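**Q** First the structure, then my questions, so here it is.
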Amino acid sequence: MIWVAWRQHRGEFLGAAILLAGLGVLLLTHGVAMHDAYERLGLRECQLVFLADTDQACIDQVMAFEDDYAGLPQQFTSWLPFLPMVAGMLLGAPLPAREFEQGTWQLAWTQSVTRTRWLATKLVVVFGFVLVASVVFAAGLSWWFEPVYIQRFTSGTFNHAVLVFPGYVLLGVAIGVLAGVVVRRVLVAAAVVIPAYLAVRIPVEFGLRPRYREPLTSDDPDRIAHGWPIDGITIGPGEGFPSVRYQPDDRFWQFQLIETAILLGIAVVLLAIAWRLVLGRGASGRRARPEVAEPVAA
């Protein structure tokens, strides 16, 4: 059954692998040159000074480096948040919808394959591929973005780290699976993924993320520069540096774990609903008969 599931979806897997390989070549080619210049110019320490805005020479050097190398990574960060949605449209939605649309579920379920085994095998194959591919791709993105996004809480770094990025991809595919089970038409299910994915991502990223923990308040420019200012600037009394509410840098992995847990929790709920719909009702929409194991020959 695993081999059958692999063959059924090998076109999508091959297309995704080719796309990721092409992006990987681009990341590697550009990233090697960028990292070489970053280390050769000694910009790691200079960037820390740049964040605090205290050394004009460092500011000029960092800005020149970003003019040469930051354009491509910054362009990527503008569309990468939609990649999990595309995964849901191309990998998640067709997983059940194509079977229902083409009627091939009837052949599968009459060949001594229960609905439980049919759905479980498909989910394991597709989600296993998606998990491995997204983790590897996120690791490459984290390496590529390192010289450009020194502040880890920037969207360019946080959204594409090795925990949150796979979490969003798995969520996108889970949304696609549920949409495919409900509407049973590939194109319609793929279209449903778009608003459903955005309805989850926007509140999580912009509403929940800044509030995972109570922000700190500081007027120390070094602490603020390394952290994530979230509530703007409040001018305090006296002549000192303005006080700012911010999330400190050392909460990065804690926030990654929290957000990933939220995304995976939502994905599990969506898959549980899809599972219940498939097992509780047949492809025709009528309540399915209980699954009966094959009699064993004496």
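Glycine is treated like the rest: Cβ placed from N, Cα and C.
TrEMBL does not curate its annotations; it predicts them automatically.
Note that the structure is a prediction, hence the values are computed from the model and not measured.
This is the feature table in TrEMBL:
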TRANSMEM  12-33  transmembrane segment
TRANSMEM  79-97  transmembrane segment
TRANSMEM  118-145  transmembrane segment
TRANSMEM  157-179  transmembrane segment
TRANSMEM  186-204  transmembrane segment
TRANSMEM  257-279  transmembrane segment
**Q** The transmembrane segment (257-279): which same-chain residues, six or more beyond its ends, come within Cβ distance under 8 Å?
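**A** 96, 115-116, 119, 123, 163-164, 166-168, 170-171, 173-175, 177-178, 180-182, 200, 204, 208-209, 212, 288, 291.
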**Q** How about the transmembrane segment (157-179) and the transmembrane segment (79-97): at least 3 CB pairs under 8 Å, pairs 6 or more apart in sequence, or not?
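**A** With 3 or more qualifying Cβ pairs, these stretches touch.
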**Q** Under a Cβ pair cut-off of under 8 Å, which of the recorded stretches 12-33, 118-145, 186-204 contacts the transmembrane segment (79-97) most often?
**A** 186-204
